[in-house]
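Participant: To start, I am sharing the structure in question, which I have written as structure tokens.
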Amino acid sequence: MNKSISKNESRRRFFRFIGKFGTIVFLLIMITFFSIMKPRAFATVRNLLNVLNQSSLLIIIACGLTAVVIIGDFDMSVAITASFSGVLVTGLMVKQNLPIWFAIICTIAICALCGMINGLIVTKLRVSSVIATIGTGGIIFGLNYAYTSGSPIVTGIPKGFLNMTLIRLFGKIPINIIYMAVIVFILWIILNRTELGQRIQAVGGNSVATKLSGINVDSIKITSYIFSSVCGGITGILLSSVIGSGNSTAADSYLMNSFAAIFLGSATLKDGEFHILGTLIGVIIINIGFNGLAIFGMSNYVQYIFQGAILVCAVALSSISRIYANK
Amino acid sequence: MENNKGMTISIKGLTKAFAGVKALDNVNLDIVAGKVHGLIGANGAGKSTLIKILAGVYQPDYGEILIDGNPVQILNPGVADSLGLSFIHQELNMVPDFNVIENIMLGLKKERKFGLLDWKATANKIIPVLVQVGFNKSPFTPIKEVSVAEQWLVAIAKALYKDVKLIAMDEPTAALSESEVERLFSIIQDLSRRGIGVIYVSHRLDEVIKICDEITVFKDGLLTLHEKTANLTKVEIITAIAGRKVEEFEHINFNYEKGEVLLDVKNLYDENKIKGVSFSLKKGEVLGLAGLVGSGRTELIMTLFGARKRKAGTIIFDGKEFTPNHPKDAVIRGIALVPENRREEGLITNKTLNFNINLPALSVLRNIKSLPFISMKKSSSITTKAIDKFMIKTNGVNSPILNLSGGNQQKVVIGKWLECNPKLIIMDEPTQGVDVGARAEIYKLIRSMSKEGISFLIVSSDVEELPILCDRVIVMANGQFTGELQSCAISKEEILHLSYAEPVQQYIYEQGRQ
Ligand SMILES: Nc1ncnc2c1ncn2[C@@H]1O[C@H](COP(=O)(O)OP(=O)(O)OP(=O)(O)O)[C@@H](O)[C@H]1O
Ligand SMILES: [Mg+2]
């Protein structure tokens, strides 16, 4: 009998641990493995900074999208908004001759407006979020083409705008990492340490009970959509500065990667809850994997197989663990 | 049901701990066929845990379960089902978009015709059971359009529909009113006559004493009393549950000052359920709202709280016109709501105790008054205060809300409003699932808050509770008022009588205003 209690209890502890830290353990194993196998190419400060740099833009857009996923909705327009924002910011500078700072502000404001419209459609017209944002995504994509007639904006972009993402702090740390860190920090504070953040989380948990606690659920939802679009917009602006052009499909691939990171993140540290820190770790897991595989000389398609497989395995492992941890 | 030979379930040395805290501690118990076995104890004593182990939801740490002397391993709910065990759990688990029949048949073997599901044949088998429990709507109604009380009737029908040898009911009557309870009791008596064992969990002691052949009391996971009901008095049972003497909460003759009118409702109509309701409520008054299930009580308070559409009528609150279009309008004016269905309407179920307690009054948590940042330190200290005030049993301020027992969750739904300093607290079945000790505490709290001038509007199906608690009771039937009872005249019989009476609206309104 004594044996059975220790067996049961230790089994439960094991599954509780796997459910929360499984993905992190996997990240550490991956880092250790790559470091041992390719110490010169992988385990250098430079390479790791490089991975973080490459992850920065995806982290920003994915963390913004996390706000919408937390309330239980999906924003399928976020990557198209990001592409649009890259075109818009360069276009405003090149075609409308606006100064850099003003072009950036206008672009972010327009992205915020897109988010607000998404939120209004979902809350006031009661269209389900996937349908609403696929619809607005289509409209934004069309506007994007109308603005550029499909050809990317390449020439005449001010040097200052391109330099915005080229600076290295202390000659070493790419500035994008700093942008990313600041935005993630702000989002984390908002979601975890402000009244608005508590309300966003409450809506995600139970919107009926939230409403009956005297909270205006609709305006909370709209705010979440604005976060998502604005972060998408920032990613789009930075991306256009990095690639040096305004390209109308540049950020489209961020959509699936963001969702992959968000769901990986929900299996990290918390019991299937979506959260900013998890999303951040999710992106890093995906990109460390990509980077390591690339160093091994694997071709692109292996990396996609890796991303798909790790996502399914991690989420399955954590949800199964949760069942056994509570038996 | 063919199995005339009843079965005996023996529980031996059963122990179950959650995160080191023992929910059940070395429990030994025999449950005999054809007997109604009452399982009682304070909130968090371990009753639901025992039932969930029998149901295969949890696995025990120690101990074994024997059926007719043979050890069994109930690894999952499917095993429990095939052993002939059937359950009404404390929390409803229904699929909102499925209809009544589909919900009953979830996970059961269905009638088939040419390999396809034959819903008609299934319905023909189920309808008699639904009629038996007193469910009057069409069995094809989606569950989301059925009231909470009626959902309980469906849950009962689900447990009865199968061929079973033992039925365990975890607080089946918490949301039911007197007449449905009576009907359930006659069903239970019929079951035990047929040799089926019944485990009955409830905090309504009068019910337990009335229906149960034997009573088992749990306290902090330990079995502290097991005795034939006939050999016990109510006081003995209460003392065993609370571990101390609980003074009976007697009806006090409240000669409270007839203060100013706080709430004045005139000719209120909604789309379909409320048909011209007028009443007023004074500062510091405790007003009860009685009536049968479906009489419109919940709809009335939801309309007052802004969660349902008004069609006509005026409301004056605190001297000013009040037009609630959203619950936030009500909360801003100082009205709080303790809803009927704690998991669907009262709690953010994936969050912690701390999160839930602080949700309605987040601005209290500000460190700097003008900035919307919240202080985690303040939030835990407010939660700690609520835990002490309501005696909430928990592992800590940050334990997930669903790890609390049902009664303790109910205390959270009440406790979360304290920091809002409400002027009026509307409660729908406030003590459902709350144990005798804590119930007395809640009554005391309501009394002391009403002395401070806070008014209460309380919907309750517990006819023992209304006379103890209320200064005045209004009875509803079919969306209208049928009568009013002043403090001393409030009695179980009068309430029941008025529940079936014809509406007499104007009279009540004039009375209330005096
Ligand atoms: N899943 C869980 N995780 C952690 N603790 C739990 C869990 N389920 C129950 N508990 C704890 O176990 C104890 C017993 O809970 P249980 O639900 O059996 O009480 P109960 O007697 O049914 O109470 P009530 O009358 O309030 O329903 C409580 O202290 C509760 O907090
Ligand atoms: Mg219980």
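The backbone N, Cα and C atoms fix where each Cβ goes, and this holds for glycine too.
Annotations for this protein, taken from TrEMBL, read as follows:
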type	residues	note
TRANSMEM	A:21-39	transmembrane segment
TRANSMEM	A:51-71	transmembrane segment
TRANSMEM	A:100-122	transmembrane segment
TRANSMEM	A:129-147	transmembrane segment
TRANSMEM	A:167-191	transmembrane segment
TRANSMEM	A:225-245	transmembrane segment
TRANSMEM	A:251-269	transmembrane segment
TRANSMEM	A:276-298	transmembrane segment
TRANSMEM	A:304-325	transmembrane segment
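Describe the structural context of these features.
Facilitator: Beyond its flanks by at least six residues, the transmembrane segment (A:21-39) meets 264, 267-269, 281-282, 284-285, 288-289, 291-292, 295-296, 310, 314, 317-318, 321 of its own chain at Cβ-Cβ distances under 8 Å.
Long-range Cβ contacts of the transmembrane segment (A:51-71) within its own chain (Cβ-Cβ under 8 Å, at least 6 residues beyond either end) map to 78-79, 82, 129, 174, 176-177, 179-180, 183-184, 187, 191, 200-201, 203-204, 207, 220-221, 224-225, 227-232, 234-235, 238-239, 242, 251, 254, 257-259, 261-262, 265, 274-276, 279-280, 282-284, 287-288, 291.
Only residues 6 or more beyond the boundaries of the transmembrane segment (A:100-122), in the same chain, are considered here, and those with a CB under 8 A from a CB of the stretch are 73, 75, 77, 81, 84-85, 88-89, 92-93, 128-129, 132-133, 135-136, 140, 158, 160-161, 164, 218, 221-230, 232-234, 236-237.
Long-range contacts of the transmembrane segment (A:129-147) within the same chain, counting only residues at least 6 positions beyond its ends with a Cβ under 8 Å from a Cβ of the stretch, are 68, 73-78, 80-81, 83-84, 87-88, 91, 114, 117-118, 121-122, 248.
Within the same chain, residues 56-58, 60-61, 63-65, 67-68, 73, 75, 77-79, 81-90, 104, 107-108, 110-112, 114-116, 118-119, 122, 152-154, 157, 161-162, 164-165, 176, 179, 183, 187, 190, 251, 254 sit at least 6 positions outside the transmembrane segment (A:225-245) and bring their C-beta atoms closer than 8 Å to a C-beta of that stretch.
Outside the transmembrane segment (A:276-298), and at least 6 residues removed from its termini, the chain residues within Cβ reach (under 8 Å) are 23-24, 26-27, 30-31, 33-34, 37-38, 41-42, 47, 50-52, 54-55, 58-59, 62-63, 66, 184, 187-188, 191-192, 257, 260-270, 306-307, 310.
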Participant: I need to check the long-range neighbours of the transmembrane segment (A:251-269): which residues 6 or more away from its ends have a CB within less than 8 Å of a CB in the stretch?
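Facilitator: Non-local partners: 19-24, 57-59, 61-62, 65-66, 69, 76, 78-80, 82-83, 85-86, 232, 235-236, 239, 275, 277-283, 285-286, 307-308, 310-311, 314-315, 317-319.
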